[in-house]
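K.L.:
Copying in the features that Swiss-Prot gives for the protein in this structure:
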type: BINDING; residues: H2; note: Ni(2+) binding site
type: BINDING; residues: C73, C76, C97, C100; note: Zn(2+) binding site
Amino acid sequence: MHELSMANSMVEAILDTAKKNNAIKITEAILEVGELTMLNPEQLRFMMDILREDTIFEDAEIIINMIPIEVECEDCGFHGISKTDEGMDHLMAVATCPECDNTHVHILKGQECNIKTIKIEREDENA
């Protein structure tokens, strides 16, 4: 269950960034999670909810945008959204070209796990 370690890293990074910017409250965090990370967004959100209890991040809205797998095929030159072999073990997704079914593809998107945006409130904004 790598959702726990990823959730912990994200919560720590969000709280550290908020602290460095003198935040008194975090109101929103937007995350980008690639399909090839094999992270379950519901489990990730659940873990983050537990880890952010009793912090300035506790009541913030968390938005998780899933990023589809984008590939470029070495054989036919296709460039676009891929499909994964759903018959494979869930621990190892295989991206294939939707045009020629080849697995010789360059993965362009779908592996990321980013904190895209953090919205905060500062004390001076409430004065």
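Every residue, even glycine, has its Cβ placed from backbone N, Cα and C.
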K.L.:
Given the binding-site residues C76, C97, C100, find the one whose Cα is closest in space to the Cα of the residue listed as 'Ni(2+) binding site'.
P.N.:
C97
K.L.:
So which other residues, same chain and not among C73, C76, C97, C100, have a Cβ within 8 Å of the centroid of the Cβ atoms at the Zn(2+) site?
P.N.:
E74, D75, G77, F78, P98, E99, D101, N102, V105
K.L.:
Work through the binding-site residues one by one (C73, C76, C97) and point out the residue whose CB has the fewest other CB atoms within 10 angstroms.
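P.N.:
Among the binding-site residues C73, C76, C97, the lowest count of other Cβ atoms within 10 Å belongs to C76.
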